Amino acid sequence: MFLDPEDILQQCSRCKTPYGLQLQWNLHYGSGDATSGMDFTVHLKDNVLVKNKKRWSQVMYMSYTMDYAAYFHPLGMASGVITDTDVRATSTYGTDASHGPHQARLNAVGNGGSTAGWTAGDSDIHQSLQIDLGEDMVVTGVVTQGKHGCGVGDYVPPVLQSGQRVLGELQGQTQQTGDGKVDSDTPVQHILDTPIRARYISFNPVSWKDRISMRVELLGYCETDLDRDSYILATDADVKFSPQSAKALMEIMSTDPSVGAVCARTHPLGSGPLVWYQMFDYAIGHWFQKVANSVLGTVLCCPGCFSVYRCKAVRDTLATYASTVSKGEEFLTKDMGEDRWLCALMVEKGWRLEYTAVSEDSTYCPEEFDEFFNQRRRWIPSTIANQLELIRKWGGGQVKSDYVSKFFIMYQGFLLFSSMIGPSTVILIMAAGLELVVGSVGGGIVPTVVVFSLIFLGYGVLCLYAKQDTQLKWAKVLTMVFMVVMVMVLIGQAREMVMAFQRLNARLTQQNANHITDAQKSDVKPASANKSSLWGGSGKGSVSGHRPSTHGTQRGHRMFARSGSHQLIHNVNDFLPSQWPDELRQKYEKKFREHGYENTSFIFGMTNKDLEAIRITKKLHQNVLMKEIKKLPESELDDTIPENCRQWLESIGMEEYINSFETYGIISKDHLASLKSTDVNDLLKELKITKMAHIKRITNAIKKMKSPEETGRRIHQVKNIMKKVKTTIMQHDSTRSLEFKFWDKLRQECLDPEIALFSTDTDIRNNVRERERERQRDRQIEKDGRQKYFIQESGS
């Protein structure tokens, strides 16, 4: 049975949390198997409430998995880990197997549409369902359902005034209570006030309707091994992989307890020259190098696009991984290569990371230069920084791993050295190639090497001081220049190779002719095998060549094994820094509102020039506000053409201008399409729309407007459906009070944006500049001191 996608979306439960918004689905497909389906949760961060970098998202999810969800693992009723023989009951209704205790599994469904769930044969307070967990476990909660396939009037879970009673039958009986449930199919979770430590658990109904019927699941954990059989499968939204590939990763993790993480072979997807290059780059860096690391010792990076991490290994490193950036150089390791740093911490703790080509995945790689440049600007420095850190810590005895040997460190040092001399190698190749094309200039290749070196150093200084847009512009210019240079080098190398072959051919021909002449003088007929030419030669002689035969064959075996965003909009008053005095906040709130910046959807993307335009001119206040603006989530405009003007204005938050547009004659879908070829500035003047933010919003919305494709229509449909889903507040839900306390504490201690020391790249650059100024001052003071000493000595 397959549900319609719209029905699935409507089954979503939406909850407001301390970090933003949480969407939950209980996906079960009705295949007749109790284990079919899954609970699916989507966490949507609000960057105003929590830190906005990728690392903090990972910290947030990993903390949730290990510090909260780990205590509420299903213990095996739904999955079948608890066998049928371990589930017993005092009585069973009739002889039908669908009423037996083995049917009391959460989400169990009958075959062919029949009912499923345990039903007691007698209806009295002496009936119970007993479950043997096989060993002592800590039970923290239960989940209950009624009998599947029956209406509310037939079979329901026990309805109690004081709830269902749960007994732990080990070293005496411990009693706890939970709340009952009347709906026969919707699961209800009950968190126990005090966890139960027991092997045998029994459910004893004391009140019921018609007959006693139920399906259950126990929640808890193993007291001696909290993370037993617990793993995290990390994957990106655009990654494609098969169940077989995920299974291959899990097989390695389950068979070798020393493995902390395992990654697969990744194939890049996309089109264009940049993708062609990345196919080669992935083959070298993501395949061959990972194989070498895995064989020699341990893989140093299991990327988050498709890897499995052992929860024990993650727990060992999470506290360090969640530490804040306190120095400029820490930014390279902590926030520019998050996955690599997490894996480096695992290696330091003694875990081994593996790579397997049996498991494969595919991911979309950058097709545009800007995205590619930004990606490599993060990857390359973080790789070098983590390699240096590993070598330094190994030398200091801080790496406690049997897999990091002296030979492995030597190999990493060789790779690091190769990376460091890479630019100089490229410069020498280009300089030598240009010499072949244009000839020697001045002192040979030295002037060319100097010029290229100055260009490299100049761009390095530019990256340190210039804005990102400026860096990208110069990167594109230099890429085009060096592309032309490399084409010239290629032509020069090709020409030199042809000339070399020609010289070689002439020399061999001359040697052959001299040999024939000498043979004729000695009246000895030359053997045909000695008469040869590079191009096959001429004459009666011939050269016969034999290609070495290869015995044996090599065979390769392969197992075949972006996304929408949710916007949380805040009022301008909530956006302004809460630490500011009320008078200052009211003053700036008035300026924002006067120009149409009523909420964060308008404020997103503002620049210093925009702040000056609304008469916020104090540099300190501009800097504070720009920091807050950069934290805001991206505000996306609907780019589809709605059915009419009213619907379009409502979708972009400009309802107040509906009458103005309709009075002007812009009403239908065709009228909206004509706006694309209209002078928008003149139109807005005639409509008397003067607020700066509203002008920008309407202008941008008209520019983005286009006829929807299939994907766009589906996204628009999902947005409309999700708007109708009722939103609950976790803080006010008594059944989720523990979860709320966890998220609230985690946000305050770790994820609050206010505790970030370096929140932007600009801060990092300012820190580096300040340190450079301090070094220059120290050097100047030292120099002045030496000069003073010299003067005093001369005077004496």
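Positions of Cβ are set from backbone N, Cα and C atoms, glycine also.
Feature annotation from TrEMBL assigns compositional bias 'Basic and acidic residues' to 769-787.
Per TrEMBL, the feature domain 'F5/8 type C' maps to 70-221.
The DSSP breakdown of the domain 'SAM' (571-635) into helical (H, G, I), extended (E, B) and coil residues amounts to 40 helix, 2 strand, 23 coil. Positions annotated as domain 'SAM' by TrEMBL: 571-635 (among others).
Positions annotated as domain 'SAM' by TrEMBL: 640-708 (among others).
According to TrEMBL, the region 'Disordered' annotation covers 517-556 (among others).
Per TrEMBL, the feature region 'Disordered' maps to 769-796 (among others).
Tertiary neighbourhood of the transmembrane segment (408-432): same-chain residues 289, 292, 296-298, 300, 380, 383-384, 387-388, 390-391, 394, 445, 448-449, 452-453, 456, 482, 485-486, 489, selected by CB-CB distance under 8 Å and a gap of 6+ residues from either end. The transmembrane segment feature in TrEMBL is assigned to 408-432 (among others).
The transmembrane segment annotation in TrEMBL covers 444-465 (among others). Long-range contacts of the transmembrane segment (444-465) within the same chain, counting only residues at least 6 positions beyond its ends with a Cβ under 8 Å from a Cβ of the stretch, are 423, 427-428, 430-432, 434-435, 471, 474-475, 478, 765, 768-769.
Panel annotation: around the transmembrane segment (477-494), residues 369, 429-430, 432-437, 455, 459 of the same chain, lying at least six beyond its termini, place a Cβ under 8 Å from a Cβ of the stretch. Under the heading transmembrane segment, TrEMBL lists 477-494 (among others).
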Across the domain 'F5/8 type C' (70-221), average pLDDT on the 0 to 100 scale: 73
